[in-house]
Each structure stands twice: as structure tokens, then as C-alpha cells.
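Take a look at the structure below.
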Amino acid sequence: MASFSIGIESVSPSAPSFTTLRVAEPELTTANSLSASTTALPTPSYRLPGDLRPEHYTLEMKTFLDGENSRFEGRVLIKVNCEKDTSRVVLHSTDLLLNTDKVRVGDKEITGHEFDTQNEFYIIKLKEALKSGSKYVIEIPFEGNLTTSLKGYYRSSYQDKATGDKKWVATTQFEAIDARRAFPCFDEPAMKAVFQVNMIRRKGFTSISNMPLAKSVQLEDDWFRDEYVESVRMSTYLVAFVVSDFAHLESNPGNTTFRVWARQDAIEQARYSLEIGPKILDFFEEYFNVPYPLPKMDMIALPDFSAGAMENWGLVTYRETAMLYEEGVSDLNAKERVTSVVAHELAHQWFGNLVTMKWWDDIWLNEGFASYVQGLGTDHLIVLIIGYLVLRMLNYFLGEETFRRGVGRYLKTHKYGNAVQDALWASFEEQSRDDSARDSSRKEAPRDATVKEIMDSWTLQTGYPVIHVMRNYEAGTAELTQSRFVTDWLGRSSDDRESLWWVPISYTDPSNALLDMSTKPRFWMNTSNATLAGLPKKDQWLLLNVNATALYRINYDAENWDLLATALRTEKNHGGIPTLNRVQIIDDAFSLAKAGLLEYNLALNLLRYLRLEKEYFPWRAAFKNLEYLSRMTQRGGGFGPFRKFVRTLLTPVYNALDEPFKPSVAVDTIPQMKLRAKVLDWSCSYGVSDCEEKAVALFKTWQKQSEDPDVVNPIPVELRGLVYCKAVESGGEPAWDFVWKRFLGSNVAAEKSKLLSALGCAREMWLLHRFLDMSLNETSGIRKQDVTRVFDLVATSSRGFYIAKEFLFSRIKDIHSYVSPDFSQVGDYIEGVSRLMSTKNDLEQIKQFVELNSEYLNDAKYAVKQAKENVELNVQWHSRYYPTVIQWFSSFASKESSTSPDGRPHGTMGSIALVLVLFTASFACGQEIVSAASEPLSTSTAASVESDLSTANSLAASTTASPVAASNATSYRLPENLRPEHYTLEIKTFLEEDNFRFEGRTLIRVICAEDTSKVVLHSRGLNLTTDDVNVTDNATGHNLQIAGHEIDAENSFYIIHLSEELKSGHKYIIDIPYTGALTTNLAGFYRSSYKDKATGTTKWMGVTQFEPVDARRAFPCFDEPAMKAVFQVNMIRRKGFTSISNMPLAKSVQLEDDWFRDEYVESVRMSTYLVAFVVSDFAYLESTPGNTTFRVWARPDAIAQASYSLDIAPKVLDFFEDYFNVPYPLPKMDMIAVPDFSSGAMENWGLVTYRETAMLHEEGVSPASSKESVTRVVAHELAHQWFGNLVTMKWWDDIWLNEGFATYVAALGTSHAQPTWNSLEDQMTESLLTVFSVDSLQSSHSVSNNIKNANEIWQLFDAISYSKGAIILRMMNHFLGEGTFRRGVNRYLKAHQFNNAAQDALWACLEEQAQLDSAKDPENKSAAPGRATVKEIMDSWTLQTGYPVIHVMRNYEAGTAELTQNRFVTDWLGRSSDESLWWVPISYTDPKNALLDISTKPRFWMSTSNATLTDLPKEDQWLLLNVNATALYRINYDLKNWELLSTALRTEKNHGGIPGLNRAQLIDDALDLARAGLLEYSSALNLLRYLRQEREYLPWRAAFSNLAYFTRMTRRGAGFGPFRNFMRTLLTPIYEELDEPLRARTADDTLPQTKHRSQILSWSCTMGVSDCEARATALFKTWQEQSEDPDVVNPIPVDLRGVVYCAAVKSGGQPTWDFVWKRFLGSNVGAEKGKLLSALGCAKEMWLLHRYLDMSLNETTGIRKQDALSVFYSVARSSSGFYVAREFLFTRIKDIHAFFKPKFNRIGRFVGAICESMNTEYDLNQIKSFIDLNAEYLRDSKLQVKQALENVQLNAQWHSQHHKTVTEWLSSHANEQYFA
Ligand SMILES: [Zn+2]
């Protein structure tokens, strides 16, 4: 049997694992010796007992070919010879139904039947024993099914081209142990017998078998019996028969009749085999000197065949690609392949068939020999079997003649029998002796060992040797040592050190090389050491193993390696080093480097000579090794330099191709042709010159031609593989579909195979998903025989790897059952996916996978073991060599210029040339060994995590550190016995390289409310100078005695223990001097920096960020919001810097040297978290339009960008003074744009800090949307000056009051400042959509939330606080009415100003106001019927989690509707019994009212679970609740009302009068109700179709946020195709309506219009609508290619830059990426930088994404820490980036955690971003185990993580419940253009 891996074709081996001889084994520790030693053991139980031996079989098979019901009936008569008395007949039978009633054993009485399924035995028990020496006939009738298992007697099929009918074929595949699946037999190779076969078949079919037909008899009806001549004596595994309607060709050139069989449509393609078959057979007859023993030879090409071919005696079966060849369609590779496979199978007719191994442990004799002689027969050897190399070595040392005669001797001695390897050695030994005796001139090299001794050292030991050569250049000698070569040199076992081989040593040097190329060994080395003498002088190289005829590696000393490298590179003709040795040098150097025996630099250096190499074979060896490097680098940033290096190597040889894509001409040799194909393949993949462009253009000529592409194909056949691949890669779905159609249409197997390969090149992830799905379904058109191949194709590409891994891991069960019964194929999957695995995480994953799925891996144990080892080796490689190798590539690529040497590939290579290539191909394949001692990867990150704790509160000497465990729930809160009144804070700031720190002193005046001897306050990360701490009585000046200091790190407490008590009513001054570090952690007092454009220097600043709990990082304080006090701040700063703080500067005093003290006015009473100070060299702009002085601060380079804020802020402040009716309490307002800032902005009183993008705006560079966000953020922060600063929540659990209020009134403020923006509607829609989505999780939380510890505070700064807070305040505004609401708020602010309040205080004020207003004006609408108190209503919204859905069931007759309310949760089925009820303000309208009255006032309050509406419109009119979506509830209507609404939306003018906000809600409700299972998806999607008529911004926006969910759910599978098509139909009308899609905004465009255009374009480009992407990339190119400086002139309209950049980066590869990256570094505008940064995540090349994520954790790259999360989002949101991002998070969580210290809660967002897209059970398990394993890093993100996890659960639920329905619906509606 031939199991090949040739060229691009890789055929899976199908032999059972115990006979599998993988070529790569020898380097692995798991490898076995060639000849396994099972024979030495007692007969194992799985072997037949041996008491009966078969002599003769008569086998009759009746074949029923009826599609799925195909089956056979058979009867076998076996004449056996009894060699030992026995009362049991034991033979093999599997999966056959035996008719035991009719079983006969001679005339013996049968007492029972037994089946031993384990050993596949059928046992017949007899009453009396069979007698030794007697013969018996065993008769067994049986039947079986013809399955598609590709084993035993199975069925195959093909489609008849003419009729389109499916035709069926029955055929056999028995090796090694599947004859027993076709008929009961003694199924061991040594149980040889004679076979007489009768095939009963229907008319219209032909049968064939091993022997010629004797006669054919017609039976009843259409049935015939074909009787065959008796066979020679043979093994069961060589029996074969086929029933088919195939055609055949015949020829009789000599004694043997040759016939070739194939499908009728393909029979012409068999002509080549018919031509070469007889020639090859002739050659072998002569070579072996034994005639072919049968009168005929049939060869048949089968459509489904698991191996490459099978050597059944006289009837060889082939996979189509291995036998069929069509001139002009198949390429020369295919011709070569056919030739070598035919030769291999014909060689087996002697080696294997005539003489068979005794048992499978000597299978190598069959395979090795067949491979070896096949080479002789074809001139081109292609084998992957080590036995071949060993035999070849034998040939070399015995000499050709002796070898040949020895073989003949062996065959004659053992013909029709079986033999073990010793018999072969004996034949050679005898022959050698005879020949030497006869001919004294015979030149066999001197050897003092027998053939057996020598060969045993090669066949019984595992592996092969490496010879270490250490030259003594003075003495002209060299010491040789030998040991076993293993890649895992350190981890090799001691056995390996002791293995010794008989190594034939030959060598040469520069002077001999040109004269004497003798490959004869100069001596035999069988010891561990030897010495060579008489070697050349110092400057001349030494080369061992001339022409690489023997199987060993050589490791020279470094000097000799250098000499070789120089010879290769500089001298003519490579210094005379033969081609085969160049091959060996390349492969040795890399293998030795991998094993740690040679410096990688040296190996890489050697490779540089390739720029001069013109021959195929050295290139091939190089490609093989480069491929390994490519696998090891492509999942990281290292791929860039590597690719550059490869390009440099390839460019000269590429350029030397006169016309790269021309068809080959007759004079081209196969190696020339192959070199061209290979060089082009690599050149195109590595971006050399115009290679890819040319390939794609060539493909297009095919696609666009007018001829039928299935008939006419202009692409040269030998280049098709690579052209197809490149076209599919860049062509997306259309190219894929085109190739797929050709695949289905092609009739030529070799062509089909190329097309199939190309399909794996797709770049779009979903296409790969779909491809893999299709591979497990034969109806798709992919044959089962190709299943592992498809997987392999996908798994070995950098992006397919992730998909393949996921596919294998999540679908192992399906795969297992699909490949049944050849379960060993599961091993091929594992092997395929292991190749790119190189991280510890990969290793863990594969181990875990193997552990969890052992039941499916039983038949693949060996492959699994090897795969694990390979991954371990890759991991080892990565940690040991990756940095060196990448560094080398980087420096090489920057040095080497690409000079192009002339000359073209030349020279043919004889058969021998291939040997080493095989050698190299066989032994590397990326397979290596495990090191026990692998201890890689830096531990620095661990250290840096720890350091947070160790430096957290380092105290001076006198500390008594004893952390106190938190014992009760409130222990993290400060005791209330001391209250601060006044702080004097002095801070000296050092902003110098290597000296970023501050010195501080805090004096706190506290009032004692209760006697205590402890002062407990907050301090974190500060070095307190405890020796100088004082506690003084304010009145008396008495210094209290301090007993000790304590740090409670858990709660960030600093505790001063006093010897005397502080007395209630007294005031004390606490004086604490301290120092702190100015780090870049974005918390407390930290440092930020920017680069000065003019000088290029880095400028530093110090800035604060305290909310919520980081004031304690800047100064010791009572850091709780209710601990308000007055602050007097003094900032000591150097000359050249300015300081600012909350209050105006009082005075500035010069101190010594350059130092100044800036003293600030005392503040109003305020919370610690609002204190702020900044030291910087920033510039500012100032204006004082009213009572308040405004200043805006920014880097000097960016100060002009601050003028918009300066313009808008006073207007907004005015609005709020007016709205709240409370003046702004401070005399000034500073706003500063900080280059590094963790959130958007911070409302510090009087000194608001901003991220640059949130405050700076440059007209013409920043887009309109950025102007909007600046306005919003400014308004938000200014609103906080009242809500939050003036009145502060008592504790953080009411943070929503701050944030919700600021969010709500910011929208009012923005509307006021920019009336055309429609900001209120816009922002409320945004908030509503967010809340609808987030708050529908079971794991959501209530608005007002109990906090259990300080870590949880962070987590409340989420959508619930901001958005839900805002929404319910707006709802309140609507039900109370604007006037009452405003007056109530004013009442609240006045009552609690400079103080703290809880939410109840606000409700009370509003209730009082409402009652006052009602009393004053009875008409006041705030008293909607049935209203409860404000507190009752609002408690239902703030204290309960979630929001309601109102179910509406109309009674159309009665004009009524029943309403019910429940909490809406997406997980409707799994919802807990939630009996929450809300006070829901119900408003509603209908078609008639809609146009007149769209009052949002509630018509009544629903607080119960049921209610009834009456007086509703008639049957054909819709009902709509929640007018203008002012309240927070979803509505689920009855089906009819949904349809009425859908129709209204779609057909009527102006959408039937349904307001825009309601259209948005209807979309969102419908889709989310469907998701929760409360509405049919078909109804929801049906509603969505109206979008073709929708032109407004908000409804589209609602749609997009839902459609983004569909994108995430479908893009990891075949569903994305239909979804995308559906999106195209929705988007096309509106896209086409855009007059000029990419035009700039005009003065007439409103902000919503501008945003709308941008979102439509963004989706259109992503979904491939019309020419969107082409236009975008063209526009980008004008920027790239203009003559102006791109940092100055940018022709892309500002509002569309995000869309355009992303589209360009997506399609542009590294050059575009680098261009955008440069612009990012160069840009001075935050908004622009943000766009560029986000676009960089659009890249499609995986390594760019890997590199990008790596860069994000390293601030020196230019990416600020504040932006790391945006980078992650930008990567995670794309379909290919998702995989990269997930891996990044999973493997680098520790680094991420350390990087964000101390803002650990950021990590929750990383998890959230990934979980969004996870949607399978497998994902769920993965994320769960990730969370379990990394709990320590996720501690501060528990809530987010919980929500993220619930999202994955929901997604998985969705996927299993809805994915299919939705995809089907989408498929059926994808192409509709118009709606009825
Ligand atoms: Zn805020």
C-alpha cells in the first residue's frame, strides 16, 4: 500500500496504528525501530492459534448495488489443514452477519458459536476435535452491508456527466486487517492460501478480481456469475474484487495482459498508466530476475479510496489522482506522482506479494523495498519511508550488482512464502560472499561486520546518528564521535547516548571535491569515537557523507561551518560542494540548531547563500526549514522581519524568471518546473515583487473569459495550484464559489485536488468555517477520503489554525463518527492542528483536549502522543530560540540589499539527487522531542504583580505591620469617631527622568465625635515618614503620645495607635509627612507625558485622578465621599512649570533655587475624591464671559484645539445655573486635556480633567461626531459641579444619582448649546438601547446597589449607573412634568448643598414639589391617574434589578387589550421566579391619534401584574405603547398587532405615522423578544425588512446595534453568508441614494445626517455593498500617493475617516498598516489618533494583529496605557481578530493584569469584549475554565465577568435554538429586491 505525501497532495495513511511507519519518527523519542520485536514474544492473544492453516478458499460474493441499501451476500469454503488437534475453529470476521445455522465444519457437530469482538474472532465450537494431519472444509454463509467506510468491501460512487445520475461501485481495501470485513478468513499475512473467487453481479456491471476470468454464467433474471481462475498462493490482505460499470483500456505488450479501469468519463486519463505500467513491469522482471507470476494486471482508479493505492496481486487499486493523468490539465507533478505510485505498487508484486513479511512488524520490508525499487523503475524517487534510505545505503556499500543479485536470491528462496528481515540479510551476505569469491576485483568497501550486523544496527535501533566532527587544523586531523540524533538534545534518554550504528564514512575537501566524488565509505565507524587523519589545511573545508548517500547528520566545529558557509556563498559553483551536500548542509544546520547543537545565527547565516542558489533541491530543503520558521513566527510580530528575510532570499531567483507565469516548455525539466512553481508559490505568499498581482490577474482572465471555464482554462497547469490559492485568498466569496463550482465540475482528479486545496486559502473566516462544516457532509461534494485533507488545508494557515482548532475541539464527536470505522484518522486531525501550536497555552489546551476526549482517541494514541511531543518541542523552541531568530531576521533585513545575480535555474538532476531531499523531507517535518528541562518564559511579570503589594504601604522603621482581616461587612468603612474639617496639603513635585516622585505633608484638622485611641484614615502606596507623624490637640497644642503605627493593606487603612485617648468634642491636628512615586498608573497623583513637536523631547507632567478611592494614593486622608472638608492646597514646583488646583491661586512664593510655592485659596466644603492638582508646562486660553473665569489647558502644540471647549463651556455653565437655579459656587473653572487619562473626564470641582479626545477639537481634522462628544462630555462634567460636587451621594451605592443625573442633564445642556443636534433624543435612544440590553441579564444589578467591599465601587461605574440612571430620571421628568421636575431638583440642591444626601432625599424633594404644584394648579398633569408617591414609583425602578416587558393581548372585537407585566430577561426559559412589579407609566396611541396627539404623558399607572385598556381602535388598526419611548419597558404585542405594525412601517407613507423613537424601539423590542423566545424570529425579521424604506438615523441605529449581534453570532460559521446577503438587500437602497457616498459634510448637513451617512457607509463597506469598499480604498490611496506631506494634507472627509481607514487597512496588508501607524504617531489631534488607532485593528493578517496587541502592552511603542483597551476592542471585534484577541487574553492575562495595575477592574472589559462573540457550548466551557484558572486576576471585575459569562450562556442558547431558523430565513430572503 502506498501512503504518500507528495507535493501539494497529502494523502492520509490508513494503516492501523501498530503498523504505521511514519517517516518522522526517528527524531522523536516515541519513535520505534524499523523492525518491531513482537515476534520475540509468546503468541499474543490477538493472534490466531495456528492449529489450523488454510490451503484453499472458494469465495462467492453476490453484490447488490442499491445506493444507501447496498449490500452483499457471500459464502466461503475454506479448506484447512489441521496441524494440531483442536475442537475450536478460530478465524476472523468483523461486521458481517453470519448465517450460523448453515455453518459447516466438515461433518463435525457444532456445539456453539462465539464472537470475540475485541480480537475480531469468530469461534466455532465443535463437539469432537479436528485431528492433526487431516483436512477439513469450513463453510460459512454470510452477508454484509456495503458502507462508505473505505474499508473491507465498501461502496464508492460518482456522478455520470452525461445523465447526472449517481453511479455506484463496490470495491475492496483489505490491508492490513480488513479482509475479515468482506469474508470470514484466517486474516494474517502468513496464512497464505489459494483463492478461487466467484462474483455474482447484475447485468450492466462488470466484475474483476486478482485472477483472469475463467467463465461467466447467466443465472436467473439479470444476474451473472463470473468465475475466476484459481490464484497463486497469497495472503488474505492481497485479495481484491471490484464490481462496477467502469470502462477499460487494454494492451498486451508482452506476456502480461494489462488493463486499466476508470469511470467512463475518465477512461482516457488512464492511458498514461497503461503506457508506463508494462514498461515498469518489464524493468522489475529484469531487475529481480524473477518473472511476474500472474498472467494479467488490472489497475483501477476509484473515486473514493482511503490510501494512495493498494498493491492487490493482479488488481491494483488507486485513488484517482494516483493513476489518472490528463495531458494539459494535470501537471507534470501529477504525471510524476502517477509514475511513482504505479512503480511502487508494481514493485510490491514481488516484494510483499510474492514474498510477504511473516508478520506486520516487518512491514518496512515491503514498503521500504517497494519504495526503493520504485525509484529505480521511474527515475524519480518519492518515498517517505526510512527503510528506503537504509536499503539505499546497503546498495551503496554492497555495490549495485551484488545488491541486485541478493534481492533475486531472496525472492527465489521465499517465493509464495513469508520471510523475516534476517532472511534478506542472509541472502545479501551469501551473495556478497559468492560475488567476492567469483570476482576478486569486486570493490566492496572494507567492512569487518556482516550485512546482518550492519543492518541490525539500523533496523533494530530507533533513530539514526549524528557525527560530530572536531578538526585539529594544525595537525590535519579530526575527531569524530557518534551518538543518536534527537532534536531534544537535552532531554534525550541515556539509551540514546549508548546507541551506536555501523556508519559508512566518506568525506572530501575543496581539492578532492572536483576530482573525486566517491561515495564509497573510506571506513566503517561503529564505535563512539574515531579519528580522521591527512585532512586539508587550515583554510579548507571538510565535508562528510559525500553526496549524502548514508543516513547520518554531521555537526562540524564552528570554524568548518564558517568555511562551508563561505564556500557556498562566495565561490563559483558553491566551491564545488555537490548539490546533494548543499541540501544536507541546509537541513543539518537547521536541525542541529533546533536541537541546540549549533547557534541559530550560524544556521541562518548559512542560508543567505540561497540568493545564489539555482537548483531545486537545495531550495526545497530550505523551504522545508523556512516553513518551520514560518509556522513558529506567524502567530506573532516576528513574522514581519521573517517575511522580509524570505523576500530578500527569493527576490533574485524570482527576478531571474523571465516570465514568471508562462507555461512550461518542452525543454523544462521536472526540477526546473518544480523550482519555478515552488519559487512562485513562496514569492506570492511572501509578497515578492508583483507575484501575487500577476497570479490574481491570470485567474481573472479565466473567470472573465467568454468560454466555459470548465472547458477552457488559460492558467498553465503546473502553476494552477498557486494561482487558485492566491485568487481565493484575495477574492472572497465570489472567487471561492467560482473555484468550488470548478471543483464540482472537474472530471480530472489532479485538477480537483488543486481546486480543493485552493479552497483552504480563503481569508474570510466564515468561508473556512463553512468549508470545514462541508467536509463532514458527503452530500456537499467533498468525498470522505478527503476529509482530513480539508482539515489540514485549513489548519496550517495562520488564520485557519484557530478555526481548525475550534472545529476539532468542539466537534470531535462528529468527526469521530464520520470517519468510522477508520478512527485512526482522528489522529491526522490532531497532527494537523498541532503544527502551529507553540505556546504553553496551546500545550495545556491539547493536553486537556486529549484527556477529555480519550474515548474518541483510542485508535489515534500514537498520533496523539507525537502531536503532544511536537507541541512541547515547539513551545521549547519558542522560548529558547524565538528572540534570537527574530533579532537575526530584523538585523539581516535591514542590512542586506537585494542585488540580483544573473543566471537562471539550470541542470537536471538524476534520481540520486532526490534522495537527500527525501531525507530532509522525511526527517524534519517539524517533528521533534520533549525536553524535561524546559524552563522558559520570563518571570518578570510575576514579580511586577507582586510588587504592588510589597510597595503598597511601605512604612518607615518604626512600623508594626500587622494586616487586620476584615471581620465584618463594614470593616472597610472608616470609623465615624473622627471627622475631618480642614486639610492643609503641601506637595512638592519632582518631574525629572529617574526622579519621578513627590514629597508631601498633610495636616488634617479633625473633630472627635467619640473618644478613641486610634486614628484610622486611608493611605495607599505612600511612604509615610511615621517618625515625624504628630497628633496635636488643636486647642492646647499638646502632642499626643503615639504608641505605634499599623497598616491594613486590605482596606488601605493607616492606623495611628495613641497612648492616650482623643476626646469627644475636641479638635486635633494630624500631621503626616510622606513621599510617593509618580508612576504611570493613571491613579492618584501620577505622571503623564507628551512629545514636544518642535524639539522632539519628552515633556512630563503630574496630574491627579482620585475618583472613587485614589485620593489616598496622593495624600493620607479620610477618603470617603461623606467626609467632606475644606482644603487648602500648596503646590511646590520648579520654575518652568505651572500648577493648578481646584481653587484660584492666592499667591506664589519663590523658594530656594528654582523652586516656587503656589498657595491656593481655601476651598468650599468638598469630598476628597474631587480634590485635584496638576503640575505641567501646558499652555492655556482664558475667557471670563460672566462671573466665572474659564481657562482651558493643553499641551502647547494642541492649545488651539481647546478653543471650542472654551467657547462652549461658559454657555453650558450658564444653562445649568439657570436650569438648577443655583449659581456655580466657585469663582473659576479650569479644564485640562491630559495626554494619559484612564476614563473620559473627571469633574474635580473647579478643575475638570479630560482625556484629550474628550476636550480637544480641531475643525477640519476632528469629525463632527468628535465635536458632539466633546460637547457632551463638557456638559456632563459641568453638570456634576452641582450634582455630585455641590450635593454628593452619601456613599457610593448611590453613585447612579451623580452619573445618571449628569448624563441626563448633559443631554439637555448639549441641546441648549447645539440646538440642531437633536441630542436629547439621540442620547436617550443610545441609553435606552444600552439599558435594554445590559439590564436584561440575570446578572445585572439594581441602580442603587449595596456595596460589600471597596473593590466593588469601581464596578458601579457602568451602564446601569449612567444610562439607566439617565433614563429613569427622564421618565420622571415626563410624568412629573418639566416645571415640577426642575423646581424639585432645585429644592433638593438647596437643601443639601455642600453636604451629602441619599436618593430618598431627592424623592422627598420632588414629592413635596409635586404636591405643592398640584395644590397650586389642579390642572397640573403631574398627577396622572393612580400615581403613587415619587418614592414608591422610583424605588420600584432603582431598588429592583431589571425592567419590565408589557405583554399586550388585544381583543379586536371588544376594542380592549389585556396588559400583563413581568421582568424582561433574555434568558426567558431560565429566568428565576422573579415577581418584581414596577410602577409603569402607560402611554399609547393608534393610527388616528398618531398624527394628532403624540402625548408622552402616561394615561395611567400600571403597578399590578394585569391591567385592561379599553376604547381601542378597530380591527385593522395598530396599537402602539410607550409613545416616543419615554419610559423604560419593552412591549410584546399579539401577533396580529405586530403584523399591523410591520405593515404600517413598510407600506404606508411616513411609516404610518409611527414616530422615529418608536420605530427604534419596535426594532429593538422585536429582535430581543425573538431572542428571548417570546416572538417568532420570522416576525421580527419580517419587521426588519421595512428598513429598505427607512431613511432616518435613530431607527437605523437601533437596527445596527441589533444587527451587530447577528454579525457576532453568524460570522464564525456558514451563516454569515446569508446574513451578509440580507444586509446587502437592506443597505443597497439607502447606499445608492447617497448622492456621492464619500463626499465631505456640507453646511446643510445636520449632525444626525452626518452620523447617519457614516454609519451607513461603515456597514455598507463591511458588508460589501456595491462599490463602497473600492471607493474607500481608492480615496485612501489618493492620500497615500499624494505629493503633499500626509500628516499635513489629508483629502479624506473628516467624518468618514474611520470608515475609510478601516477599509484600507483591511485590504492593504503591512504597507498600509505601517502608513497608518506612522500617521498615528505623527498626529497631534486626539480624535484623529483615535480613528487611526481603531483602524489598525482592522488588519486581516493575523501576525499584524498579534503584533498590535503585543504593542498595546508596551507604552514605549507609542500606544498610551489609556488606549490599550481600545486596541483590544478594535482587534476583538473583527472575525479574524477575535481569535487573536481571545488567545491574547487567555495567554497574557497575567501581563495585562500587571500592566493595568492598579486599575484592575479594566480586565473585566477585556473579558466582556471576547465573550460578546462566544456562542457555543465549547466556548462556554472554555471561558468558564479560563475564569476559574484566573480568578486572582479577575477579582476586581467580578460583576463584569459574571455578566460576560451570562452573555456567553445566552449566546450559546441562541446558537442552539435560533441559529438554524435565522440562517434559513435569511437565506430565503437574502436576494429579494422588492417587497410586496
Ligand atoms: Zn460623570
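Cβ atoms are placed via backbone N, Cα and C, with glycine included.
According to TrEMBL, the feature active site, proton acceptor maps to Glu1277. The annotation Zn(2+) binding site is assigned in TrEMBL to His1276, His1280, Glu1299. Feature annotation from TrEMBL assigns domain 'Aminopeptidase N-like N-terminal' to 54-238, 980-1170. The domain 'Peptidase M1 membrane alanine aminopeptidase' annotation in TrEMBL covers 272-381, 387-458, 1204-1437. TrEMBL lists 541-872, 1518-1849 with the feature domain 'ERAP1-like C-terminal'. Taken from TrEMBL, the feature site 'Transition state stabilizer' covers Tyr1362.
Annotated features taken from TrEMBL, shown on the structure.
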residue: His1276; record: Zn(2+) binding site; Cβ within 10 Å: 26
residue: Glu1277; record: active site, proton acceptor; Cβ within 10 Å: 27
residue: His1280; record: Zn(2+) binding site; Cβ within 10 Å: 26
residue: Glu1299; record: Zn(2+) binding site; Cβ within 10 Å: 27
residue: Tyr1362; record: site 'Transition state stabilizer'; Cβ within 10 Å: 23
Alpha-carbon distance [Tyr1362 (site 'Transition state stabilizer'); His1280 (Zn(2+) binding site)] in Å
12
Across the domain 'Aminopeptidase N-like N-terminal' (980-1170), the model's average pLDDT, rounded to a whole number, is 94
Spatial separation of Tyr1362 (site 'Transition state stabilizer') from His1276 (Zn(2+) binding site) - C-alpha basis, Å
11
Measuring Cβ to any atom of ligand 1 with a strict under-6 Å cutoff, which of the recorded positions Glu1277, Glu1299, Tyr1362 qualify?
Glu1299
Once His1276, His1280, Glu1299 are set aside, which residues in the chain still have Cβ within 8 Å of the Cβ centroid of the Zn(2+) site?
Glu1243, Glu1277, Ala1279, Phe1283, Gly1284, Asn1298, Phe1301, Ala1302, Thr1303, Ala1306, Tyr1362
Can you tell me which of 387-458, 541-872, 980-1170, 1518-1849 gets the most C-beta pairs within less than 8 Å of the domain 'Aminopeptidase N-like N-terminal' (54-238)?
541-872
Winner by Cβ pairs under 8 Å against the domain 'Aminopeptidase N-like N-terminal' (980-1170), considering only 387-458, 541-872, 1518-1849:
1518-1849
Please report the distance from the Cα of Glu1277 (active site, proton acceptor) to the Cα of Glu1299 (Zn(2+) binding site), rounded to the nearest angstrom.
10
Distance between Tyr1362 (site 'Transition state stabilizer') and Glu1299 (Zn(2+) binding site) at the Cα atoms, whole Å?
5
DSSP three-state assignment for Tyr1362 (site 'Transition state stabilizer'):
helix
Summarise the domain 'Peptidase M1 membrane alanine aminopeptidase' (272-381) by DSSP state, stating how many residues are helix, strand and coil.
57 helix, 20 strand, 33 coil
Helix, strand and coil residues within the domain 'Peptidase M1 membrane alanine aminopeptidase' (387-458) as assigned by DSSP
53 helix, 3 strand, 16 coil
